[in-house]
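Colleague: Not my notes, these are from TrEMBL:
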type: BINDING; residues: G8, I9, D10, G11, S12, G13, K14, T15; note: ATP binding site
type: DOMAIN; residues: 6-173; note: domain 'Thymidylate kinase-like'
Amino acid sequence: MKLIVIEGIDGSGKTTLAQRIGKLLSSKFRVVVTQEPFTEDIKQLLEKYKWKDQVLLALLFSADRRIHVEWMRQQSADLVISDRYFFSTIAYQSVGVDETWLEQLSSVFPRPDMTILLDVPVEVALKRLESKRDTLDFAEKRESLEIVRQNYLKLARKYDFKILDGTLSIDRLTSISIELVQNLLPSSTSLASPGT
Ligand SMILES: Nc1ncnc2c1ncn2[C@@H]1O[C@H](COP(=O)(O)OP(=O)(O)OP(=O)(O)O)[C@@H](O)[C@H]1O
Ligand SMILES: Cc1cn([C@H]2C[C@H](O)[C@@H](COP(=O)(O)O)O2)c(=O)[nH]c1=O
């Protein structure tokens, strides 16, 4: 099983890209598209504790991930595409928690075979998210996403992510990603173009 992870700030287009790649590759491979947070239990706890305590968040997301990784293993897939993984914990929770501790906490999880970072300016992401209700006000969100974006760019250098310009069209991003992912998979007959 190959594990591909898509990371980026809220509204960077991760879910859209994961679904598009998954759909295209499923004509040739057993593909599972999934996302974090994964379990309903964790989502309820996140709401209950109001997203404030970053240590608690790191522990909750990691517990959720432990369950998620075991579930991934049980899928017998050729390819698992996960919308967020432990890099999200490092990028987001390091706003309030020591990064080294977060890396140690995350070291129990398998390293992905490839991580794609969808990098977008915060203003673009916020525009895309305008319709979504949120607990943070816009100014607070802008400020925190700016830090998270920089954290991701740092992680990209350290962990050798593929950085894609998330402001490109979804068709273009899909083509680029398919090419990257195909290099990891057996036999490289090319697939249909993204629009089909
Ligand atoms: N490349 C793109 N160009 C323009 N709009 C896009 C692009 N990718 C996604 N969008 C749009 O941006 C919005 C957010 O996309 P999406 O939900 O995929 O992002 P996300 O990173 O998964 O967000 P979140 O982290 O909040 O779940 C959606 O309305 C989607 O249609
Ligand atoms: C896995 C994970 C997630 N988060 C944050 C990032 C987002 O604000 C939300 C998830 O919602 P989205 O629809 O995927 O944007 O949770 C986090 O802070 N730490 C994590 O490990």
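Every residue, even glycine, has its Cβ placed from backbone N, Cα and C.
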Colleague: Starting from the Cβ centroid of G8, I9, D10, G11, S12, G13, K14, T15, the recorded ATP site, name every other residue in that chain with its Cβ within 8 Å, sequence order please.
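Modeller: Nearby residues not in the site list: L118, V120, A125, R128, G166.
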Colleague: Identify, among the binding-site residues S12, T15, the residue whose Cβ has the fewest other Cβ atoms within 10 Å in this structure.
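Modeller: If we count Cβ atoms within 10 Å for the binding-site residues S12, T15, the smallest count is at T15.
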Colleague: Would you count the other CB atoms within 10 A of the CB of I9 (ATP binding site), including those on all shown protein chains?
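Modeller: Here the count is 29.
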Colleague: Could you check the binding-site residues G8, G11 and say which one's CB has the most other CB atoms within 10 Å?
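Modeller: Per the Cβ count, the most surrounded site is G8.
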Colleague: Would you please pick out, from the binding-site residues G13, K14, the one with the fewest other Cβ atoms within 10 Å of its Cβ?
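Modeller: Comparing Cβ neighbours within 10 Å for the binding-site residues G13, K14, G13 has the fewest.
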Colleague: Can you see whether DSSP assigns T15 (ATP binding site) to helix, strand or coil?
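Modeller: In the DSSP reduction, T15 (ATP binding site) maps to helix.
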Colleague: For the binding-site residues G8, D10, S12, G13, K14, which residues place their CB under 6 A from an atom of ligand 2?
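Modeller: D10, in sequence order.
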Colleague: State the count of C-beta atoms found within 10 angstroms of the C-beta of D10 (ATP binding site), not counting that atom itself.
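Modeller: There are 18 such Cβ atoms around D10 (ATP binding site).
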